[in-house]
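Participant: What follows is a structure written as structure tokens; I'll ask about it next.
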Amino acid sequence: MAGEDDDDDYMGDISLFLPPEDDSSSKKKSATKTKEPPSAPKPKRSKTLISWQEKRKLDKERRLREEDDQTKARLESAIPETNLGFRMLQQMGYKPGMALGKEGRGCAEPVTLAIRRSRAGIGRETPAEAAARKEREAAEKLRRREEEMVAEFGSRQRSHWREKKIFADYRKAEASLAQLENSEIVVAVKEDGDEKEKAEDQVEEEEEEEEEEEEEEVITEEVTVFHHLQFINTFSMSVLHPFLIFLIIILCSLIALGFEPNA
């Protein structure tokens, strides 16, 4: 028992196995701890920075798009004549551009391959297809809206031009009507003036006719008087001439003697 008690329990005190610490080193550590400046706050992550998960996702999508484009380009390209399968088809009677079927009414192009990268079932749209469909619908809606706006603008402009034309026609009709009314008034005034002139001319003609008749009557009377005087003169020269000569002689003698009939 005594031997067992004398054995050291090396697991009892671990400090026995540790080197002794100097007081100076402990003091230095405490001083450095107290003198350390406060840690600067970590900068916040910018929203513009892309995390590695997002970057990995974008790289994967880009790689898949490139693979799909390469696959579609290869599918769209024709099989070269050097291809072994193409030679076998030629040996079986196939010619480039030939359609399937006995009568040549079948498919002339190979069956297209639809590449699906989503986990949706067959017949379901992939997110890319849904986004593309929405973009097409939005573009179609915008196009219809633009066409409606153009049609509405055109109809509005046509109605505006029609109103302007109607207004111009109304103005022209109004001016023509006023011109016709003025011409009718002028014609009526002219007709009245012509009637007045005709009446005046008729009155003048009547007056001239009356004057001519009066002149003819005067001339007739003068001719009649002249004929009477001529007759009297002839009669007097033939019958009364001696008697008149005698009377004239008597009157001249009386005047010479100073006889005045009034006295």
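Using N, Cα and C of the backbone, Cβ positions are placed for all residues, glycine too.
Found this in TrEMBL, in case it helps:
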type: COMPBIAS; residues: 1-11; note: compositional bias 'Acidic residues'
type: COMPBIAS; residues: 53-75; note: compositional bias 'Basic and acidic residues'
type: COMPBIAS; residues: 190-201; note: compositional bias 'Basic and acidic residues'
type: COMPBIAS; residues: 202-217; note: compositional bias 'Acidic residues'
type: DOMAIN; residues: 81-127; note: domain 'G-patch'
type: REGION; residues: 1-76; note: region 'Disordered'
type: REGION; residues: 190-217; note: region 'Disordered'
type: TRANSMEM; residues: 239-259; note: transmembrane segment
Participant: I'd like the per-state residue tally for the domain 'G-patch' (81-127) from DSSP, helix first, then strand, then coil.
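Facilitator: The domain 'G-patch' (81-127) comes out at 9 helix, 0 strand, 38 coil.
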Participant: If you run through the compositional bias 'Basic and acidic residues' (53-75) with DSSP, how many residues end up as helix, strand and coil?
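Facilitator: Going through the compositional bias 'Basic and acidic residues' (53-75) residue by residue, I get 23 helix, 0 strand, 0 coil.
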Participant: Could you break down the residues of the compositional bias 'Acidic residues' (202-217) into DSSP helix, strand and coil, giving a count for each?
Facilitator: 16 helix, 0 strand, 0 coil
